[in-house]
Amino acid sequence: MVWRVPPFLLPILFLASHVGAAVDLTLLANLRLTDPQRFFLTCVSGEAGAGRGSDAWGPPLLLEKDDRIVRTPPGPPLRLARNGSHQVTLRGFSKPSDLVGVFSCVGGAGARRTRVIYVHNSPGAHLLPDKVTHTVNKGDTAVLSARVHKEKQTDVIWKSNGSYFYTLDWHEAQDGRFLLQLPNVQPPSSGIYSATYLEASPLGSAFFRLIVRGCGAGRWGPGCTKECPGCLHGGVCHDHDGECVCPPGFTGTRCEQACREGRFGQSCQEQCPGISGCRGLTFCLPDPYGCSCGSGWRGSQCQEACAPGHFGADCRLQCQCQNGGTCDRFSGCVCPSGWHGVHCEKSDRIPQILNMASELEFNLETMPRINCAAAGNPFPVRGSIELRKPDGTVLLSTKAIVEPEKTTAEFEVPRLVLADSGFWECRVSTSGGQDSRRFKVNVKVPPVPLAAPRLLTKQSRQLVVSPLVSFSGDGPISTVRLHYRPQDSTMDWSTIVVDPSENVTLMNLRPKTGYSVRVQLSRPGEGGEGAWGPPTLMTTDCPEPLLQPWLEGWHVEGTDRLRVSWSLPLVPGPLVGDGFLLRLWDGTRGQERRENVSSPQARTALLTGLTPGTHYQLDVQLYHCTLLGPASPPAHVLLPPSGPPAPRHLHAQALSDSEIQLTWKHPEALPGPISKYVVEVQVAGGAGDPLWIDVDRPEETSTIIRGLNASTRYLFRMRASIQGLGDWSNTVEESTLGNGLQAEGPVQESRAAEEGLDQQLILAVVGSVSATCLTILAALLTLVCIRRSCLHRRRTFTYQSGSGEETILQFSSGTLTLTRRPKLQPEPLSYPVLEWEDITFEDLIGEGNFGQVIRAMIKKDGLKMNAAIKMLKEYASENDHRDFAGELEVLCKLGHHPNIINLLGACKNRGYLYIAIEYAPYGNLLDFLRKSRVLETDPAFAREHGTASTLSSRQLLRFASDAANGMQYLSEKQFIHRDLAARNVLVGENLASKIADFGLSRGEEVYVKKTMGRLPVRWMAIESLNYSVYTTKSDVWSFGVLLWEIVSLGGTPYCGMTCAELYEKLPQGYRMEQPRNCDDEVYELMRQCWRDRPYERPPFAQIALQLGRMLEARKAYVNMSLFENFTYAGIDATAEEA
């Protein structure tokens, strides 16, 4: 039974497969290989530059399986392999069900982007199509026939593009076939159709592809008003451009020429693989052709040779040879001598156009010569050959060359315009008949630069220029011609011709001179040179200073002042230089100070404001403009330490014959806490050394000096100490009592009394001196114990581990030993050891309150490499040491991954720990994103190129994908980051993003924060804000915010909202709005990360997989174009602190 579908039920879904003119693109399925694991699909492009990416003026070939309509059980991912520049192969099928479905290959660029579609049916299906591809004209009736292969006594369901279409009773089968008749089909009826037994597996369906041309039979064009050229050998007229899409094995404007056996492609340039030729291969071409066997083969597996008298694709053509011609199943009739034509029906007496190219290309406004050769009997002469333009204009030949076997007419074409693009025709007419050949003429516009060339680097006598810029007109660019000459000069331009892929170095220029530079681009062919582009001014640099100074000497003029002097070698001529640059490097702090001496005649300088007690490395360089000359050999200078100001209002008061009390006031403007006071005691007028006494209680403002001699005048002064001794106070005098000196008045005493007093005085002095010695000895022992305790504390750090146990970390050569107090057994963690001598500190990268990061060159395993060295400052607290040691533990346990900042090694020196990690040359991701906001940094560039960022959509998506891979690794290691944000993601080599800052990471599944501290509120999940609970799902929430930061080019999350508002609105369902430049799919991923219930948020493995698929899709998921009213997301630096 045949079911006729009413017009109002025609399907509206179809697969778009072609835009623009036909592209030389072929998709081959090797049906000889029945084993799924050996089966493969190959897509071949005959286009120039196909498959080589944007560098070849077009995107790469894409071959994939389309699961939107025919869905099969998921399996391992298929493998895509590229063979050369124009071929891609899809492999990796594991079971027969993997083969069933729709496959597509996409090639071409711009308006010529083309999709070729192949539908694969299971050989063991219940129903099989009599013919898979059906190409019909608009308004025709299409009949789809499904042959019963394995009978089931159930109804048959027809579907269109995966949706229900119609049901047939199983009794309605005719001759073992179920038919679907579609009358008056229209282009929207195109698509994938299937016939399936009710309740049977979809894999047992018969799949069809219906292609409906946009015009009626023999017509093409927007209004279907143009007549098709009459395609031969089964070719199909394209309804958009009127070209013939030739079946595999034929070529030519009208598919009139047969390829050699085993050849295919628009120019017969491709060869079927293997010794079997095209046997067992299905060829799929751009619509409206569809798919078929190769020429000379037929059958569902394309392995049956044509029956006698048949030839061509699917053996659909009949030879019907006349005049003794024989039928060849690949090319058709092979005519005997004296006859030609499709059926050998034409005598050789009829004239024939010879060897006419099917396509010619010329440049705009050129006057080319076109040759047309013909043969026949009678012989063609000059007047019998003419040339017709697309507008019907007839051109007569200006010259004819007569040879024994042919006549070649030469036509001089008037100056070409764009309207001359199209199909031209060469026609020959003699008394024996006439012949014509159509060929396509493409008129190309020479390229013209839209912008001036870019200056890459400059020196005093050369400029390095990037000449290839955006241009209008047609490519490809064959040569670049660059003109340059001094500014405001009337001399001739100097010219350099280079390859378009190379930068240009302009040599032997004058220093500090402006040069006008412009570019001319050329494409292949006569007249391919475009107009000159806009000029730009490029200025050479000043001449480099070549003299190397040397340091003559230096002397310290104070604790923070240094006088430096230097000299230069004597050379003839004027001095090339504008001044001197003095550099002081503080290796302890990792800081460099630069002092500019602006006079080239200066040979001395006073450096002030230096840090007392600091060891500096000093050198001097001559500079000219912005160029530095060679540095002098370095010198090493140690400044003396400085102490606090002198104590104030020192006063002395005698208490007895052996004691004097000193009182004072603390110094003002102290740079830090006083560690002690030092008192100097000296007998007035005495010649011996003074005695220094330490006052170890710095909070006191008085002390008693004991053990003095009676009736003796003493001099006193004192100073404070803060990491160094300070200035002395004023000197005061005071005498001890005795020998008639009393506190309240003179007392008269006898001689005997005086002798007794002398004996008492001697005993008092001896006792006082003995007590003083014992006190000093006890103090020394105390200092030794304190020093040992400090050294031990410097080498041992205690921190709270993830398990809640207090952990002691002790560092030895190459191991980090963790002793958990509840346990008796230590747990050593090994780390790579770096020797202190193998670390060369360079520039300061960053600095915090208690730590700093310095770029350094390290030597590891015999190789030198850049590294970032993390260290704590001297006054860091025990908590800082705990977190720092905890970060080393995390790095040791994490191991290596390309998307995290990895540990290179650790080193201990003088009891301090130094951690070496990978160096990220591009800094943190947040700053990198904000620097890309080119509309703010270079508005002219942004508007000229129509872009809001120097980063592409693909690169932004790559940042997110790398971060997701890194977080997947952390989550698999059961680590919680707790502070995931763009500021804590670093950009390394090749712009790969790496998760960093593991100071807050925890190696456990759930962590509950119990201490106070600043919180990254804008990145925190709801459960973390409300209950201080952190899990991997909390990191997933933060990743959603990170993804928003990437899309917004470093915007501040929830900009304009306070933290209090976030606490209130987030539990109520409020989320950040979708950025205007963000695709729906990316924003949906953000929303999934911000779900209220943590268990509903996707795992990092799923996030990484989704972002990876987005990267493979090559779709602009983040729009960086300058659309109307474009604005960047807001930035609030104060809000980011919370």
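A Cβ is built for glycine as well, from the same backbone N, Cα and C atoms used for every other residue.
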In Swiss-Prot, Cys321 is listed as disulfide-bonded to which of the following: Cys333, Cys335? Cys333
Candidates Asn596, Asn1026; Swiss-Prot annotation N-linked glycosylation site sits on Asn596
Record says Ile845, Gly846, Glu847, Gly848, Asn849, Phe850, Gly851, Gln852, Val853 bind ATP. Source is Swiss-Prot. Which of Lys859, Lys860, Lys864, Lys870 does it list for that same site? Lys870
Tell me if the domain 'Fibronectin type-III 2' (548-642) touches the domain 'Protein kinase' (839-1118). I count contact as 3 or more CB pairs below 8 A, with pairs 6 or more residues apart. yes
Between Cys231 (disulfide bond) and Cys255 (disulfide bond), the C-alpha gap once rounded to whole angstrom: 6
Considering all pairs of residues in Ile845, Gly846, Glu847, Gly848, Asn849, Phe850, Gly851, Gln852, Val853, Lys870, annotated in the record as contacting ATP, what is the maximal C-alpha distance expressed in whole angstrom? 14
Can you tell me which of 214-256, 446-545, 548-642, 646-739 gets the most C-beta pairs within less than 8 Å of the domain 'EGF-like 3' (305-345)? 214-256
Its residues classified by DSSP, the domain 'EGF-like 2' (258-303) shows 0 helix, 17 strand, 29 coil
So Cys231 (disulfide bond), by the Cβ count within 10 Å over all chains shown, scores 24
Sequence gap of 6 or more, Cβ distance under 8 Å: name the residues on the same chain that satisfy this around Ile845 (ATP binding site), in order along the sequence. Val853, Ile854, Arg855, Ala868
Look over the recorded stretches 43-105, 258-303, 646-739 and say which has the most C-beta pairs under 8 A to the domain 'Fibronectin type-III 1' (446-545). 43-105
Spatially, which candidate from the binding-site residues Glu847, Asn849, Gly851 is nearest to Cys246 (disulfide bond), comparing Cα atoms? Glu847
